[in-house]
Amino acid sequence: MKRTIILMLDSLGIGASADAVRFGDEGANTLGHIAQACVTGNADNGRKGPLTLPNLTRLGLAHACAASCGEFPAGLDASVTPIAAYGYARELSSGKDTPSGHWEMAGAPVLFDWGYFTDKQNSFPPELLDALVAQGNLPGYLGNCHASGTEILDRLGEEHMRSGKPIFYTSADSVFQIACHEETYGLDKLYELCKLARQLLEPYNIGRVIARPFVGSKAGEFKRTGNRHDYAVEPPMPTLLDRMKAAGGDVISIGKIADIYACCGITQQHKATGLDELWDMTLAQVKTAADQSIIFTNFVDFDSSYGHRRDVAGYAAALEYFDSRLPELLALLLPGDRVVLTADHGCDPIWTGTDHTREHVPVIFYGDTVQPQDLGMRDTFADIGQTIAAYHGLPVLDYGSNCLPEHH
């Protein structure tokens, strides 16, 4: 039996990479700064004391962080001997966005520059907006600016409900986001509008169009729902997932994974919202997945609910919850199963602004076929995909080196 379970801890960076200075991220360290805040009592909102991650520490997360940034995360147990192969990887891709991190991990780094809408106000070209209004039969639009997704709902949600005008906004990422009320505007109508935007954005090289449905009746009460949908461009070359699917194996997407890869190489999709549901669905799939399967879960909340919102205590509590569920997974593993833990970028909750941070990510392999060892620094996230491809006997990927060449 050979199955690989990939747990993508979205935004759990473990120290700034050498090129972080290019991004204004020199000194960022998502895990390190959360641990530090916990030890100094600056993350006691709803939780208390030092960061408690016994299972992740046994798997080598803290050791990988120490190797990456030169300092063991405050409050975590440095006396533990890791039971997994652990290391850290730097990013080859030119950006620090979600698709770049995910695609590179699966063997397809993004070596081109995405398009961005850099103007904070009147962010979108008039000809794009005119085409959306005309082809989407819209009464107009709201927003047309950079904004945080929660703040813009408080500002424009009520007007959107009255007027039926969708809210268009962007961020420092290569995204075009559309927020509409699930009930007054309608989910299907929002999805159709996003598909139109995806087509019209082709010449602008924008990575993702994101549907941001919400509910509620007035400012201060609006809440985004779990029906978010991402419309991504396809990866620039075949990925690990395409290789597995082509070989007749299963690629089981949980949460955002299918959206991020534009459904390329996915054989099964399972929706789940929130860390608890994502964990429940992951465990359910591990119980039933066949030989030659990849079960791939994106734990988005670390990034969307805590990293971008710069909520240190929330991020710490979420990590502790994640850690508390790990033993359930380890208890289900069969001989030949491997667990991979990694991240797609950083999003340091003590950093300025609300953007991602350019960081190293953890590279952790665990299973009965994996010799515990220090994997050191990996030159690209693609080493993860190459290692998984080799284990499953798939064709070699264009990028990356096998971290565990002697293990098959």
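Note: Cβ is positioned from N, Cα and C throughout, glycine not excepted.
ASP10 (Mn(2+) 1 binding site) carries neither a helix nor a strand DSSP state and counts as coil. The feature Mn(2+) 1 binding site is assigned by Swiss-Prot to ASP10, ASP344, HIS345.
Residues or ranges marked as Mn(2+) 2 binding site by Swiss-Prot: ASP303, HIS308, HIS356. Annotation for HIS356 (Mn(2+) 2 binding site): spatial neighbours SER11, LYS96, ASP97, ALA172, ASP173, ASP303, GLY307, HIS345, GLY346, CYS347, criterion Cβ-Cβ under 8 Å with sequence separation of six or more.
Cβ neighbour density within 10 Å is lowest for HIS308 among the binding-site residues HIS308, HIS345. Other residues of the chain with a Cβ within 8 Å of the Cβ centroid of ASP10, ASP344, HIS345, the Mn(2+) 1 site, are MET8, LEU9, SER11, LEU12, GLY13, THR98, GLY101, HIS102, ASP303, ALA343, GLY346, CYS347, HIS356, VAL361. Here ASP10 (Mn(2+) 1 binding site) comes close to THR98, LYS256, ASN298, PHE299, VAL300, ASP301, PHE302, ASP303, SER304, ALA343, ASP344: these same-chain residues lie at least six apart in sequence, with C-beta atoms under 8 angstroms from its C-beta. If you count neighbouring Cβ atoms within 10 Å for each of the binding-site residues ASP303, ASP344, the highest count belongs to ASP344.
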